[in-house]
Protein chains: 2
Amino acid sequence: MSAHTLIHFLLAVAAIIVLARAFGWLARLVGQPPVIGELVAGVLIGPTLFGTAVSGWLLPADIRPAISGLANLGLVLFMFIVGYELDHASLRGRGRTATSVSIGSIAAPLGLGVLLAMWLAGRHDVSDPLPFALFIGAAMAVTAFPVLARILTDRGMVRTPVGGLALASAAVDDVAAWSLLAVVVAVAGADSANPWLPLLCVPYALLMLLVVRPLLARVDAARARAGRLTPDILAVVLVGLLLSSLATEWLGLHAIFGAFLFGAIMPRARASADKAAIPQARADTASSEAVQKAEPNGADKLRVEILERLEQVSVLLLLPAFFVLSGLRVDLSTLGGTGLLELAAILVVAIGGKFAGAYAAARLNKVPTRPAGALAILMNTRGLTEIVILTVGLELGIIDERVFSMMVVMALVTTVMAGPLLSLVYPRRMVERDALAVQRPGAPPAGYRVLVSLPQGVAPAPALVDLAADVAERGAAATGHGTGEVVLSWLVPYPARPLDVGSGLSEELLGMTTAMGELAGEAVRRDAAELAATRGFDIVIHSGGSGESRTSGVTSG
Amino acid sequence: MSAHTLIHFLLAVAAIIVLARAFGWLARLVGQPPVIGELVAGVLIGPTLFGTAVSGWLLPADIRPAISGLANLGLVLFMFIVGYELDHASLRGRGRTATSVSIGSIAAPLGLGVLLAMWLAGRHDVSDPLPFALFIGAAMAVTAFPVLARILTDRGMVRTPVGGLALASAAVDDVAAWSLLAVVVAVAGADSANPWLPLLCVPYALLMLLVVRPLLARVDAARARAGRLTPDILAVVLVGLLLSSLATEWLGLHAIFGAFLFGAIMPRARASADKAAIPQARADTASSEAVQKAEPNGADKLRVEILERLEQVSVLLLLPAFFVLSGLRVDLSTLGGTGLLELAAILVVAIGGKFAGAYAAARLNKVPTRPAGALAILMNTRGLTEIVILTVGLELGIIDERVFSMMVVMALVTTVMAGPLLSLVYPRRMVERDALAVQRPGAPPAGYRVLVSLPQGVAPAPALVDLAADVAERGAAATGHGTGEVVLSWLVPYPARPLDVGSGLSEELLGMTTAMGELAGEAVRRDAAELAATRGFDIVIHSGGSGESRTSGVTSG
């Protein structure tokens, strides 16, 4: 690197960091996710306003490869994180409703998007209309899980039923969108010389699932032995990630799919752990030894440590480099009258299709009107995911720069509008009311409500539950009513510091969700049947988190 | 980045990580610092053995700019760390001897190197003999502080007097070598169009010291307010580092000088803190409130947190990218007979000059022969510092690729030989004997030895020292001898985990050195005079660390 190049390179890296922090801060100031600011920064210094004047000075041609290298590392890392957080995202217990909302929110924009694309194809430089139409349809159907999760957390909506439903639907959408896109890219990107190459994706995926995934469990074991994430372990993970990414790129898919799949097969905490793994509390007092053993699962530690090590460089430099470079490629200066018409059509299809599909599916599943509206707005956030998909389409030549620019605007608009629209449709006081309603399900018991509070991971011993039930029973008898309530509760430790990378689904929420799943699945199920058989009590599980779950077969209170 | 380029880029990044870990592991296996392995990996895949066959496949021309970008970030980060650790390096208490050893170990190889360079200049493609000769001389005079510190730590030599002396001498050498090199580069790199440009270095340095340095103290204050290193604080530090680097590059110096200076002006813990800042222990018991206040200085936390955040990506990817790229540029295949002669001459001057200068200066200062020999061997390690300097010379066109290759071999040889030679000259049992001798200075007292043990940062109250002196006095009287000993000791907390970046001067060592300095400077000096005036006792300060210090004016035991 010559002195001149080095100066410009260092300047560009500094500028990206400054722009990302400054515009991210501005975005937060107006209640938007920081990444919106980073993208807008890219658009602002890009050709729309200044032609090549600013971008040519800040990012001259000779340093583009170096910055592009940083951006590509950021992209691969981002997709790895998205894949790694997949499991935490699939919140249990809302299967049917979430699936139908997801199907509705994908099918409607996909169908309308394909129709729109057929109209657009005639007006743009499209080499092959089929992949173009499929790609536009898939891009319309995207919901960005990370942005959605952050909006829910910021507004306290994770504690309402609709928040949990939105998370689950978006998680299904996420997987569906990436799968759909993989097919589209395989169709579009098929090299005429090697048309069979994308077919190798099937053995590649099998290799990853059947061979690499079990091997990665050893990484977890190595971390447990070392007691911390050593540089060697992190090196193994990074090298695996890079090789997986380049394998999919070589197979004619994009590197992002390999990165996503590698994240998805990383070892993770099993919510339904071995029964033996959860120590039982003694009826008199929780044994401190048991508490010691009940620390977070090793796989969870691995995830947090890996993201912690990668977060600073990702958040400060690599991801901003990617989003600023993406924004730079947006050129709205040549849009003109017909372009505005096309943009309007894209916005109508994207917003209308997504809203109609999600809203109709939610109403069919008896979700009330306001929460259904909120859900439909939430499913409209396309955020980072859309930008990644559009960049792939642009790089593969499926869409041209003008369509790319308009679709980026669509992604920005659908993401930015979510906050203000939600405030209208589902204002904060309603969120709080619904969150409270979840925490006080059914009528309050006329007898005593007995709280059994335990450290996380310690199962309530039958004797302890019995004791609590006795108290509740006596209380019910004393007040002359037949109902009482035993509340089993785990104290989930508050995490020291939320991570800056990842879905924004904070550690706190993850912890609560996991705790609720374990408590419901492990501790209570064992005693519930027996308890329900002998006494007339409700067993209600509170997590203070993303909803509530009721053990089945228990007489109602 | 096209699909083809992206595949090669991801492959190259993966290969660099794998090579660095594998060869670093091999190097550790044979008792060498890991960086030697990384450099050798670069040499092995480079032109010497395989021509351009391997390097051309692994690092094709179209991805070189991207990898070079990573390598340059690594270089800037490395120099920042070197500068940041400067203060910790300058261990107090050995001023005169260290300075004369340092002068000797610089002057001899510098002078001989300039003479050698005059001979070499005629045999190589040298545009301007003066900067060439100065550069070779400066490169001969280098001692690598980081490698030296790691060798001392690995061998337990930090606890011997010669270890402390070597650290102090190398610290002086480090500053001298960088200053010398800055002058040489300014002379050599002076643009004929702007010959006055390097003169701007003076106002630049003044700006950094007088304006930026006080501003950086606010960064420390911001960290203290936030209670942790926020992304915004890290962003400010990184942007400052990048701007300082590009400023020196623009001024015709190299970016490394700006990075080094920025590290050097970062806020740091003051070892000679305010007297008021060290709480006094009460004579009855150490107050726990005092212990709370006596946590490590905020500036020290800032340093550790910044290095922690940067270490993983630096150690795994950025620094290896730099060293592998440097190794790649070494071509020994065209050396031939005359080249071997030149290489031999370089080795003789480098090793002989450094050894003679350091040994003579040490002997003049009454260091015994074996420790003086060990010191001379230690001062010969040139490690990473030399590679950085040589790369700068190559990039500025001061030296050609052949001289660069021979000088890299010299750097490797002088670093690799240190371990085995030390084992011969100063074997481990002698190290242990000398370390023990430091810990038991003078004859053991005939009376009682009274230990006053306090948490770090808590000054021994006069009353407490009085109490201990009373006990020792009575013991001395009871045994009929006039001598006893009061030992003041601080318990230095063992650090959770040493950092992988930086000098390898482990936290433990830093903590002990600081503790000893504070204990000697603050706590005891206050009481020593008064104590010595009233009683006949020795005050001996042990740190278990890099030496011992005796308060003056105390009657000998």
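Cβ coordinates are placed from backbone N, Cα and C, and glycine is handled just like the others.
Predicted automatically and left uncurated, TrEMBL annotations should be read as such.
Because the structure is a prediction, the values reported are computed rather than measured.
Listed features, source TrEMBL:
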| type | residues | note |
| --- | --- | --- |
| DOMAIN | A:19-423 | domain 'Cation/H+ exchanger transmembrane' |
| TRANSMEM | A:6-27 | transmembrane segment |
| TRANSMEM | A:39-59 | transmembrane segment |
| TRANSMEM | A:65-86 | transmembrane segment |
| TRANSMEM | A:98-120 | transmembrane segment |
| TRANSMEM | A:132-153 | transmembrane segment |
| TRANSMEM | A:165-190 | transmembrane segment |
| TRANSMEM | A:196-217 | transmembrane segment |
| TRANSMEM | A:229-247 | transmembrane segment |
| TRANSMEM | A:340-362 | transmembrane segment |
| TRANSMEM | A:374-398 | transmembrane segment |
| TRANSMEM | A:404-426 | transmembrane segment |
Long-range neighbours of the transmembrane segment (A:98-120), counting only residues six or more past its ends (CB under 8 A): 126, 129, 132-141, 143, 165, 168-173, 176-177, 180, 342, 345-346, 349-350, 352-354, 356-358, 360-362, 364-365, 375-376, 379, 403
Remote residues contacting the transmembrane segment (A:374-398) - C-beta distance under 8 A, at least 6 residues beyond either end: 33, 35-36, 39, 75, 78-79, 82, 101, 105, 127, 131-132, 135, 138-139, 142-148, 151-152, 157, 162, 165-166, 169-170, 173-174, 177, 181, 184-185, 188-189, 254, 256, 323, 326, 329, 350-351, 354-356, 358-359, 362, 367, 404, 407-408, 410-411, 414-415, 417-418, 421-422, 425-426
Top partner of the transmembrane segment (A:404-426) among A:65-86, A:132-153, A:196-217, A:229-247, A:340-362 - counted as Cβ pairs under 8 Å: A:340-362
Outside the transmembrane segment (A:229-247), six or more residues from its ends: residues with CB under 8 Å to it: 76-77, 80, 204, 208, 212, 216, 219, 222-223, 255-256, 258-259, 261-263, 266, 302, 305-306, 309
Ranked first among A:65-86, A:165-190, A:196-217, A:340-362 for CB pairs under 8 angstroms with the transmembrane segment (A:132-153): A:165-190
Cβ contacts under 8 Å made by the transmembrane segment (A:196-217) with residues that lie 6+ beyond its boundaries: 182, 186-187, 189-190, 240, 244, 247-248, 251-253, 261-262, 265-267
